[in-house]
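One structure is given here, and the rest of the page talks about it.
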Ligand SMILES: NC(=O)c1ccc[n+]([C@@H]2O[C@H](COP(=O)([O-])OP(=O)(O)OC[C@H]3O[C@@H](n4cnc5c(N)ncnc54)[C@H](O)[C@@H]3O)[C@@H](O)[C@H]2O)c1
Ligand SMILES: O=P(O)(O)OC[C@H](O)CO
């Protein structure tokens, strides 16, 4: 919708024929955004070769853990000049790769042709054209600027950045912190606890970013604190909702069964923790979220464990 409203010729690749059909005839995706009318210029196809033919830009937005398999199939259809943009906020579980790293590896692309978009962008709000801003990051600033111009509308305002690592980490870690604020809310622990988790969650993002080469300023921007605030506070967040279900006593299997959309943090938390341990970075909130997901701690025990940690000075670096 954003790209079509910005004046681009947009082709969506859908897996299911009935979804492609609904987008082409009723201008609606009834499974994922029921009730939202898409611009009639948005067309859909089930054929990835048709979707990718001569595309200036390919925007990838599927569950992070399915990217490798899907992209292996799609890569041969990516044209020589196409820039690939990731909207995904996850980390591959087996490898710890960020989505842009995975794209460059699987599609064999130079980093200058891979960009990421990340920020406080709850899908349903954007689909109703409510104002939002985001960050488009690419190591090549000119490419980021091209993408910025291609996605600028009256309701969507992208900023550019060259810090791909910081933007991607901001998106991936905030999902885990949103699971934690959901757990806390499910337990009824109050707004002070939510603010505590968000602020110390940001410290975890900053520490991990520091060792992985992110710009320390990125964490205070839209892809850092901006997305953290939106996701941790909004009932529209799937990660926060998933955590809330667990906090109210559901098992992971029960929460998974009632969710129809992706909560990336559930699978990426473990990969982020492994990445942090590899670099000797302490991420206590991420650690207890992983323990709750694995069934080693209850939500209550996780809260008690965090509150019983040794007192320390307030620091943001490693
Ligand atoms: N929804 C949001 O508000 C939002 C905002 C910003 C970023 N993101 C990120 O975008 C990514 C996708 O999330 P989403 O909100 O679209 O999730 P979703 O669950 O709503 O939709 C997933 C999409 O991927 C497709 N899909 C599911 N399994 C697939 C598979 N195995 N192979 C191919 N396609 C598959 C679905 O058909 C659907 O189109 C995530 O990484 C998420 O963090 C989401
Ligand atoms: O619904 P969530 O929890 O995946 O969050 C959606 C977006 O990432 C918010 O920016």
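Cβ coordinates are placed from backbone N, Cα and C, and glycine is handled just like the others.
Nobody curates TrEMBL annotations by hand; they come from automatic prediction.
If you look up TrEMBL, you'll see 2-143 marked as domain 'Glycerol-3-phosphate dehydrogenase NAD-dependent N-terminal'. Annotation comment: TrEMBL describes 15, 16, 32, 89, 123, 238, 264 as NADPH binding site. Under the heading substrate binding site, TrEMBL lists 89, 238, 239. Feature annotation from TrEMBL assigns sn-glycerol 3-phosphate binding site to 89, 119, 174, 227, 237, 238, 239. Positions annotated as NAD(+) binding site by TrEMBL: 123, 238. Per TrEMBL, domain 'Glycerol-3-phosphate dehydrogenase NAD-dependent C-terminal' is recorded for 163-303. Per TrEMBL, the feature active site, proton acceptor maps to 174.
Sequence features annotated in TrEMBL and their locations in the structure.
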residue: 15; record: NADPH binding site; CB count, 10 Å: 10
residue: 16; record: NADPH binding site; CB count, 10 Å: 10
residue: 32; record: NADPH binding site; CB count, 10 Å: 14
residue: 89; record: NADPH binding site; CB count, 10 Å: 30
residue: 119; record: sn-glycerol 3-phosphate binding site; CB count, 10 Å: 23
residue: 123; record: NADPH binding site; CB count, 10 Å: 16
residue: 174; record: sn-glycerol 3-phosphate binding site; CB count, 10 Å: 32
residue: 227; record: sn-glycerol 3-phosphate binding site; CB count, 10 Å: 28
residue: 237; record: sn-glycerol 3-phosphate binding site; CB count, 10 Å: 23
residue: 264; record: NADPH binding site; CB count, 10 Å: 24
Across the domain 'Glycerol-3-phosphate dehydrogenase NAD-dependent C-terminal' (163-303), average pLDDT on the 0 to 100 scale:
97
By DSSP assignment, list the helix, strand and coil residue numbers for the domain 'Glycerol-3-phosphate dehydrogenase NAD-dependent N-terminal' (2-143), in that order.
51 helix, 27 strand, 64 coil
Binding-site residues: 238, 239 - member with fewest neighbouring CB atoms within 10 Å:
238
Which binding-site residues sit within 10 Å of residue 123 (NADPH binding site) - Cα, from 174, 227, 237, 239:
237
I'd like to know which of the binding-site residues listed (16, 32, 89, 227, 238, 239) lie near ligand 2, counting only a CB under 6 Å away.
89, 227, 238, 239
If I take the alpha carbons of residue 227 (sn-glycerol 3-phosphate binding site) and residue 239 (substrate binding site), what is the distance between them in whole Å?
12
Residue 119 (sn-glycerol 3-phosphate binding site) versus binding-site residues 15, 32, 264 - nearest by Cα:
264
Of 32, 89, 119, 123, 174, 264, which binding-site residues come close to ligand 1, meaning Cβ under 6 Å from one of its atoms?
32, 89, 123, 264
Secondary structure of residue 237 (sn-glycerol 3-phosphate binding site) (DSSP, helix/strand/coil):
coil
Would you list the other residues of this chain near substrate - those whose C-beta lies within 8 angstroms of the C-beta centroid of 89, 238, 239 - in sequence order?
175, 178, 231, 237, 240, 242, 262, 263, 264, 265
Between residue 237 (sn-glycerol 3-phosphate binding site) and residue 264 (NADPH binding site), how far is it from one CA atom to the other, in Å?
11
Roughly how many angstrom lie between the C-alpha atoms of residue 174 (sn-glycerol 3-phosphate binding site) and residue 238 (NADPH binding site)?
12
Rounded to a whole number, how many Å is the Cα of residue 89 (NADPH binding site) away from the Cα of residue 239 (substrate binding site)?
11
Across the record's sn-glycerol 3-phosphate-binding residues 89, 119, 174, 227, 237, 238, 239, the largest CA-CA distance in angstrom?
15
Looking at NADPH and its recorded binding residues 15, 16, 32, 89, 123, 238, 264, figure out the farthest C-alpha pair and report it in angstrom, whole number.
24
